[in-house]
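Since the structure comes first, as structure tokens, the remarks are kept for the end.
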Amino acid sequence: MHSLEKVTFEDVAIDFTQEEWDMMDTSKRKLYRDVMLENISHLVSLGYQISKSYIILQLEQGKELWWEGRVFLQDQNPDRESALKKKHMISMHPIIRKDTSTSMTMENSLILEDPFEYNDSGEDCTHSSTITQCLLTHSGKKPCVSKQCGKSLRNLLSPKPRKQIHTKGKSYQCNLCEKAYTNCFYLRRHKMTHTGERPYACHLCGKAFTQCSHLRRHEKTHTGERPYKCHQCGKAFIQSFNLRRHERTHLGQKCYECDKSGKAFSQSSGFRGNKIIHIGEKPPACLLCGKAFSLSSDLR
């Protein structure tokens, strides 16, 4: 494929006002970065040249690439000085890396769960690289529109969480079991249950955990630290949660009541175990010995 003309990131970028950007939550900002990231990658795959400009150098160094109240442009030259006068706009540029052939490749990819339809051609845009082709084919920046809600890509990324409405707020899905999460952090943590990965290891006994908080809790068993003490009986606990649960035994509180049997429990774990009995759900079992437990915490 012969090399096509040079294009800039701004040719396919979506700009937001300062007010719009401030109203976007973390997941919307990440979605915006991922879409822009795939746009750059697809431009390269189509043969378009991405100039080795100042912003690319900044990207490779992993530096912060946006400031409030101005546009951070990819090419700073006299022809574009007027653009620097724009106020109250933000361009968020994704982090990309350089491979051995000096072409720009994407660090992460994103397949949008919504199918998009381009206004001019009616072509389906199932992911952002197809959106990029549409943007380059037609004149001007026409929006791609979601078939499910009729909102454009720009509106999808704006403060109202249209994409999360389609996916019931869970936009991060496991490709092994299809379980979905609202946050990529929770998805990564869940995937460890498939891989068996336990990155947090105790330096004293070598026991490993999937979460840093579990490691810190375990380390207190070595030090004997029990910072949470009941003011009524003096019993101390490693976790504040265990203290609160213990205090209910003094108060006689039973906050969890089964709507089928009417049985009440002071702890949520007992309530969940009772619920398993009613719905006939198979309790979690040990993969090594086959022994079943009413609670997953007992299995661990």
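Note: Cβ is positioned from N, Cα and C throughout, glycine not excepted.
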Of the residue ranges 34-56, 172-194, the one that Swiss-Prot records as zinc finger:
172-194
Per Swiss-Prot record, range annotated zinc finger [choices 90-112, 228-250]:
228-250
Can you check which of 118-140, 256-278 Swiss-Prot lists as zinc finger?
256-278
